[in-house]
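Peer 1: Supplied in structure tokens, the structure appears directly below.
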Amino acid sequence: MDNIELAQTTANTSIDETALIEFDDGFIWSVEVLGSQGKRADDISIEEITWLKRLRQGLDKTRRNIVNQLKAIVGQGPLNQVAVDEIEAALLQADVGVEATDYIIHSLQQKLKEKALPPDEAITYLKKILRDMLDKPLKESGSFSLERGNLNIWLITGVNGAGKTTTIGKLARLAQKSGYNCLIGAADTFRAAAVEQVKIWGERSGVEVVANPSKNVDPASVVFDAINAAKSRGIELLLVDTAGRLQNKKNLMDELSKVRRTISKKAPDAKVESLLVLDATLGQNGLRQAEVFSQAAKLSGVVLTKLDGTARGGVALAVVQQLSLPIRFIGAGEGIDDLRPFSSYEFVEALLGG
């Protein structure tokens with residue numbers, strides 16, 4: 001990539017902002033990944049480049065664990081049992097999970113059973129396998145988009161500590177930047193300081209929060225008030241913070257069911273989605289938590305957080321293979337803009353191509 005193309009990417013960036021940009025390999029890689037998806041160089045924003053660089057850096061540990069071993073193995077010829085065992089160990093170490101690992105190995109065996117592939121060609125084939133895995137639940141789940149001029153309600157679930165409240169603030173920010181008016185309902189009413197945390201993130205994102213200051217308030221009553229407020233203000237997206245407890249699955253299911261019934265009565269025409277916030281650093285432990293929530297709530301997909309700096313980036317593949325849930329958003333960083341809609345192409349390139 002030449003200097004003219006790099007200069008074009010900063011055409012809409014101030015001199016002060018450009019001075020802070022490091023034109024390193026990560027910058028060039030990010031521009032190339034965005035360009036390979038059909039984006040013109042002068043349409044690529046510094047924000048997009050910075051995000052991809054951060055994702056690439058966050059998956060660095062996972063990438064080094066997987067790619068180096070795979071390149072050494074797949075370039076040797078048809079896969080024997082020793083090679084299969086080595087690939088399996090590398091994938092499981094990255095928390096890809098048993099089901100996803102079995103699928104990947106079977107696919108590689110089918111491709112490599114007759115002849116050896118050069119390492120780079122084998123990695124290219126592996127990228128295709130992973131993209132197909134990640135895209136399958138997206139294709140099967142149908143449309144996931146906000147309806148303009150209509151009330152959309154997103155129930156945000158997830159165990160305490162997964163980044164649920166932070167994610168709500170980031171989703172609010174993302175919706176605002178995309179031109180949607182937004183409101184937050186603080187319905188995780190039993191966790192100490194949950195309401196205050198939501199309010200802080202509401203302030204950061206510039207979005208009002210509907211809350212009840214009393215203790216142990218019925219979450220459904222907060223949702224009731226939030227829907228009333230949303231209707232009166234012509235809100236297009238209502239984000240609802242829900243319970244983050246796992247101690248009793250029945251209570252969790254009962255609470256979420258009551259919230260759903262409230263929505264059905266108060267906003268029968270609203271488009272309702274339910275997103276699970278999952279901490280990538282928990283790996284397979286996070287998957288076990290996700291299984292409980294998937295049984296308790298009708299989930300539309302997963303928001304995978306804390307991908308920056310984890311060696312367990314392979315958990316994204318475990319999510320789609322074991323839970324058959326699409327990944328809707330991913331987070332890599334603590335900043336309010338460090339959440340993006342999920343792209344299987346960008347994720348796989350960051351995982352294997354960085």
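Heads up, the Cβ atoms here are built off N, Cα and C, so glycines get one too.
Nobody curates TrEMBL annotations by hand; they come from automatic prediction.
Here TrEMBL flags 158-165, 241-245, 305-308 as GTP binding site. Summarising the annotation, TrEMBL assigns domain 'SRP54-type proteins GTP-binding' to 326-339.
Have a look at these and tell me how they're positioned relative to everything else.
Peer 2: The Cβ neighbour count for G161 (GTP binding site), using a 10 Å radius over every protein chain in view, is 10. In the three-state DSSP scheme, G161 (GTP binding site) falls into the coil class.
Residues 47, 51, 54-55, 58, 134, 137-138, 141, 144, 163, 166-167, 169-171, 173-174, 201, 204-205, 275, 300-308, 316, 319-320, 347 of the same chain lie 6 or more positions beyond the ends of the domain 'SRP54-type proteins GTP-binding' (326-339) yet place their CB under 8 Å from a CB of it.
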Peer 1: Near G158 (GTP binding site), which residues of its own chain have a C-beta under 8 A away, given they sit six or more steps off in sequence?
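Peer 2: Within the chain, G158 (GTP binding site) has Cβ neighbours under 8 Å at K164, T167, G244, L276, V277, L278, F293, V303.
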Peer 1: Within 10 Å of the Cβ of K164 (GTP binding site), how many other Cβ atoms are there?
Peer 2: 28
Peer 1: What are the DSSP helix, strand and coil residue counts for the domain 'SRP54-type proteins GTP-binding' (326-339)?
Peer 2: 0 helix, 6 strand, 8 coil
Peer 1: Taking only same-chain residues 6+ apart in sequence, whose CB is under 8 Å from that of L307 (GTP binding site), what do you get?
Peer 2: L55, G58, L59, A280, G313, I330, G331, A332
Peer 1: Please state whether DSSP places T242 (GTP binding site) in a helix, a strand or coil.
Peer 2: coil
Peer 1: Restricting to the chain of T242 (GTP binding site) and a gap of 6 or more, list residues whose Cβ falls under 8 Å of its Cβ, or answer none.
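Peer 2: Set apart from T242 (GTP binding site) by at least 6 residues yet with Cβ under 8 Å, we have L155, I156, T157, A187, D188, P219, E255, L256, V259.
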